Every structure is written in C-alpha cells, then in structure tokens.
Amino acid sequence: MQQNIEVKDKAPDSVGKPVKIQPAKGSTQHAPTDRIYVRDVKGRVETARRLLGFALMALFLLLPWLTYQGEQAILLNILDQRFRIFGLTLWPQDLTILAWIFMVSAFALFLVTTLWGRVWCGFTCPQTTWTFIFMWFERKIEGSRHQRMKLDQRPMDADKAMRKVLKHVAWLLVALLTALTFVGYFTDIRQLFGEFFLLQSGAWATGSVIFFTLATYGNAGWMREIMCTHICPYARFQSAMFDKDTFIVAYDEKRGEPRGPRGRKQDPRALGLGDCIDCNLCVQVCPTGIDIRNGLQYECINCGACIDACDNVMEKMGYPKKLISFTTERRLEGGKTKVFRLKSVGYGAALLVLTALLVLDILFRVPLELDVVRDRNTLFRENQQGFIENVYQLRIINKSQQADTFRIEVSGLDEIDYMGPTELRIEGGEVYTVPVTVAIDPYFLDASLIEIRFTVSSVSDSEVERTTQSNFLSTR
Ligand code: SF4
Ligand code: SF4
C-alpha cells in the first residue's frame, strides 16, 4: 500500500501542502491577481544568489559615494549633459561611445542568454534582487509561508496590524534608500542625502526620489512576478536566443515520472514510480508560481529555487540529486552540450568586434570639441581700413577633467587678420564661448564665399587638436 511522503522539514509549513492553485499542464498556475506565498528555501543555488546579490547591492550602494580626483567618480549629470565615469567624461558629442556601450551590453546579454538562458533574470536583474530582499523582510516580520497564509486569512487584530505596518515601513525604507542611491548617480549624492532629510532638496531631486521610492516599493512589494510575467519584454523575446544547448532550469521527466507519493523506505520502481514524490515543494518556492515539471515556460526566471527545494527532497529520500537542475535540452536527451555553435559564436564574434570598437573609440577620443557659429545678425561688414569683417562665436569644450591652455589659429587664406584671443585657459569640463572677428583685405578675395578653418590645439599636448571649417562672406 502506498504511504504518504515522509519528507520531514522543520518548518511549520513543511507538510506537502498543495499550492493555492494547482498547475494546469502547459499553463501558468496563477491568475495575475492571485497572491503567491513563496516558501523559503535553502541550498547551494540560494547561497550563490545571496552572495552575488550582496556583492551587487554593495556595489550599487557604494559606487556613487566614491570620489576620483576630488569629484564624485560616477555622475551621470543629465541637466548639464555630461556623464562622468571615473577619468572619462562623456558629452552629447560622444554619442558613438554611448551607442557602443549600449550595443556591447545588448550583445553581452544575447550571448549570456544563448549560453546560460535567463541567468540575468534569476541572479542579477534588479527586479529579482529587490523582490528577494522584500521577501526576506516579509518572512522575518510575518513568518513562514504557512504563517503568512494564516495571517492573511484571519481578521484584523493588533498583532496583524502591527506586522503589516512594520512590513510596509521596512519596504518603504529599503525603497527610499534605493531611490536616494539611484538618484545619487545623477546628482551630487552627498548634497542630495543632506538636503533631502532637511527638506531642502529641489523639486527635481525630491520628485525623482519620491517617484523611484514608490516604483521600488510597488515593483518589489506588490508587482513582483507580474513584472516578469506580464510587463518585462525580455521574457517574451528570450526564446529567440534559446536552442537545445542553452542552459535552463529543467525537470528530468524521464527520471521523475510517473510522479507520486511513497514511503521513504519503499522502492519506487517496485511501485511503478519515478523519482518525483509529488510534494509540490518546487512549486511552493517558485517566485513566479509555476510548476517547472510542465516544461520550459516563459514565466521561469531561472532563479533555481526549485533546484534547491528538490535537491533537499532527494537528499531526504536518499535519491540522487538534480532531478531538477541547470541543464540543457540536449543533455536531457542524452547528448553532449555544445558550447560553440552558430548562435553563440556569432554573438561572441559580434561582442568582440563591438568591444574592440568601443575601446578604440575611447582610446582615440580627442578630449576637445570646437563649434564655430557665424554671427547671424550681420553677414559681413566693412571696417575703417576697408577690410571685410565676419564675426564668429567659437564654442570650445575642454572634455578632459584637467584645466589646459589652448591656442586658436585661423587658416584658409594667406592674408587674414584675426581679432580675438590667441590663447585661452579653460578648466576641465568647461564650455567656453568666445566671439572672434576675421578681417580680409578685399583685394585678396576672389569669390563672395571662401572657406576658412579655425584650429584649437592644446599647448601641452600636440595630439589634442580640433579643426572646424566655416565660411567667410563678402560682396565679391
Ligand atoms: S520554475 Fe524554478 S527556476 Fe523557474 S522561476 Fe520557478 S523556482 Fe525559479
Ligand atoms: S520535482 Fe522534486 S520538489 Fe518538485 S514535486 Fe517532484 S520531488 Fe517534489
């Protein structure tokens, strides 16, 4: 006679309780409005995710506080249109570098997805990381899955109200810290923290902090898996990058089926059963509420929680682990996973080329910009000596982070009178606008429009030089 499973878990909700909604084959297990009570799980995957999560979180929180050469090391100043990343300052004119960065990031994501599936979603995506942080607070304050279910079912009382208030306050504090840090990447973080708590921050900073606090609180506290399963576009197009050799979280159906309860000492083969004891723990720990035994589903974020849950069950039953594991479809079919295949090699090659272009663009970037704008009010005028004069505005940007002295020269015709500064001291990151006048004896003008060139060069570094062409107009 078959017996119920004997998997014993110390947690009070450990008896193989069915989840709220049982999975329908091939479909999601929850309507978007259903609350998922995620069960806590321990194991090697969870440990790896926590360690990575701590490292990434520490990086996120600390990076904007770093200083480099006396200034905030990372400052993406949108209002002043300059992105400072340690020794590199990017301006709107450096659009190609930003484009390379986006392309490199995109192809890195494609390559990683082709090789390791949605490992980004499960281990590094902010939505997952913050959701797991929020779930940790929920567990600490409201208890285990079973206790949370009971708490939500019972009418409001002082204890329930206290726990709910405490949980939401904790969530809001985490969300506020997240928002302040995030906005601190776009403005002076020391000033922001000081001013925000003294209620002296400006409208833009205050509005941004409030917006991102609510966004974090809403996403990680309330939206959770809805963001992954219904809003994030990445979940939809990732399948285009998958093939039989992509690592995914998968259930070994051949080994697990037919599933069913049994005693620990009973031989499953004698009972005509596979290794799955149908305890549903893999479903209970799933943050998106799906049953991995139904096969690959776009809701699966590859977090691996079900691997830990099932490994723990297998260990207690005395069966080999990895009934659910990170594996490939080819391996499940008995083949050998191929790392080098058309897709992975293609994405890898594109990534290498784009990274090389990005590095070259940064290495050969001239940290100087020169714009020449002709005076729009007067096309030309004649001065007291009878020379024709044109007026220009030179806009010089010192894109480096150090002050430098720059020389200004005009060329294009032998007989040119230049009236303006020949040397300028410009601070690092400064935009300097200077009006200059060019005068030419009409005797040397053989056309009504001739081309002239303005050159600005660094006195200290001959390689830092910019030349911009403009027109000289006259009556000829
Ligand atoms: S099925 Fe497993 S890996 Fe996929 S989201 Fe659920 S727990 Fe994570
Ligand atoms: S796959 Fe593993 S965790 Fe899931 S029901 Fe079967 S035995 Fe339990």
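Quick reminder: no glycine exception, Cβ is built from N, Cα and C everywhere.
Bear in mind that TrEMBL entries carry predicted annotations, made automatically and left uncurated.
According to TrEMBL, the protein carries these features:
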- 1-31: region 'Disordered' (REGION)
- 1-12: compositional bias 'Basic and acidic residues' (COMPBIAS)
- 51-68: transmembrane segment (TRANSMEM)
- 97-117: transmembrane segment (TRANSMEM)
- 169-186: transmembrane segment (TRANSMEM)
- 198-217: transmembrane segment (TRANSMEM)
- 267-295: domain '4Fe-4S ferredoxin-type' (DOMAIN)
- 345-364: transmembrane segment (TRANSMEM)
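Each of 51-68, 97-117, 169-186, 198-217 was scored by its Cβ pairs under 8 Å to the transmembrane segment (345-364), and the highest score goes to 97-117. Here the transmembrane segment (198-217) has Cβ contacts under 8 Å with residues 79, 130, 171-172, 174-176, 178-180, 182-183, 186-187, 192 of the same chain, all six or more residues outside its ends. Sequence-distant neighbours of the transmembrane segment (97-117) (same chain, 6+ residues past either end, Cβ-Cβ under 8 Å): 83, 90, 238, 241-243, 246-249, 302, 326, 339, 343-344, 347-348, 350-351, 354-355, 357-358, 361-362, 365. Sequence-remote contacts of a segment are chain residues at least 6 beyond its ends whose Cβ falls under 8 Å from one of its Cβ atoms, and for the transmembrane segment (51-68) they are 74-75, 86-87, 123-124, 129, 132-133, 177, 181, 184-185, 189-190. Each residue of the domain '4Fe-4S ferredoxin-type' (267-295) gets a DSSP state, and the totals for helix, strand and coil are 7 helix, 0 strand, 22 coil.
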